[in-house]
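**Student:** Mind having a look at this structure? Questions to follow.
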Amino acid sequence: MQRVNLSTVSEFVFVGLSDAPEIRLLLFVLFLLIYLATVAGNITLLVAISTDSHLHSPMYFFLSNLSLLDLFCPTITVPKMLAALLLESREISFAGCLFQHFSLIAVVGTEIFLLTVMAYDRYVAVCHPLRYPSVVSAKLCARLAAGAWAAGLFNSLLHTSLVFTLSFCGPNKIQQYYCDIPPVLALSCSPTRGRELVILLVAGVLGSSACVVTVVSYIYILREILARDSPGIWHKAFSTCGSHLTVVCLFYGTTICTYARPSFTYSPHQDRVVSMLYGMLTPLLNPVIYSLRNKEVKCALSRVISRVRSAL
């Protein structure tokens, strides 16, 4: 029997978005502007929430956590992608890939749980407005936010251990611009079917649980609106829940298309587009959605801008 000498992969190489120099420069400028706009938008929202006393409420406490996650999400992947576009530096060490994978899955998982917590917050605000201050207390908000972060980290630790304890001894080209689960699994020379099933099972249980809580919260909100049938109730409910519902649909739609399916359906070109939606555009749009659809946030942002202008 002939022995085959298999060497362990020590680094991975990302597949570039384009090999044409002029296209690479155009993409670099485009993604840099999107990244800078994302950072500016989320930092502005964080500053507005932290400095304006009108926004010191549970809803905006959770929104500040969401903005923090939207800062982390593109920061984990975009700088490396920009370096690959400008400097053609496409290599990443095994440890660097592991850390990037862990960080990104932690942020994505935490955001799913946080959006679920925000759905419960909106349910209490609409269905039990008189009890809202006592039910959603500052202590409960801190526990719910801490629980969302802890669940996201635990979920990421489980997924990362399942993926990166596999053997990688052959091809090392990742068909993506960051270390994601499907393209990394595709490079393993170990059997992956069992771990794929565990990953899908864990993601399915946690994701479906979060989705069920969100859907049930909005069913109760809809029932409450229909039961009251008072003038202006639809407008008030939409102004209270519209921003969150828009963000939930945008985030869940893109993440489900990326992760809630087996790896044999993986399509590199299609998945790059989908991953850019939740990895770059969703963090960019979240502060815009909350700013445009929320009168209190718009007023707070105008006060922040006025203070900045006065200081200048």
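Positions of Cβ are set from backbone N, Cα and C atoms, glycine also.
The structure displayed is predicted, hence computed values, not measured ones.
Copied straight from TrEMBL:
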DOMAIN    41-290  domain 'G-protein coupled receptors family 1 profile'
TRANSMEM  25-48  transmembrane segment
TRANSMEM  60-78  transmembrane segment
TRANSMEM  98-120  transmembrane segment
TRANSMEM  140-158  transmembrane segment
TRANSMEM  197-221  transmembrane segment
TRANSMEM  233-253  transmembrane segment
TRANSMEM  273-292  transmembrane segment
**Student:** Report the listed stretch (60-78, 98-120, 140-158, 197-221) having the maximum count of Cβ pairs within less than 8 Å of the transmembrane segment (25-48).
**Tutor:** 60-78
**Student:** What residues elsewhere in the chain lie close to the transmembrane segment (140-158), defined as a C-beta under 8 angstroms and at least 6 residues from its ends?
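**Tutor:** Same-chain contacts beyond the flanks: 58, 61-62, 65, 102-103, 105-114, 116-117, 120, 202, 206.
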**Student:** With a Cβ cut-off under 8 Å, give me the same-chain residues at least six positions beyond the ends of the transmembrane segment (98-120) that come close to it.
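**Tutor:** Distant Cβ neighbours of the transmembrane segment (98-120) are 59, 62-63, 65-66, 69-70, 72-73, 76-77, 80, 92, 144-145, 147-149, 151-153, 155-157, 159-160, 163-164, 178-181, 184, 206-207, 210, 213-214, 217-218, 244, 247-248, 251-252, 255, 278-279.
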**Student:** What mean pLDDT score does the domain 'G-protein coupled receptors family 1 profile' (41-290) have in the model?
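**Tutor:** Here the predicted model's pLDDT, averaged over the domain 'G-protein coupled receptors family 1 profile' (41-290), is 83.
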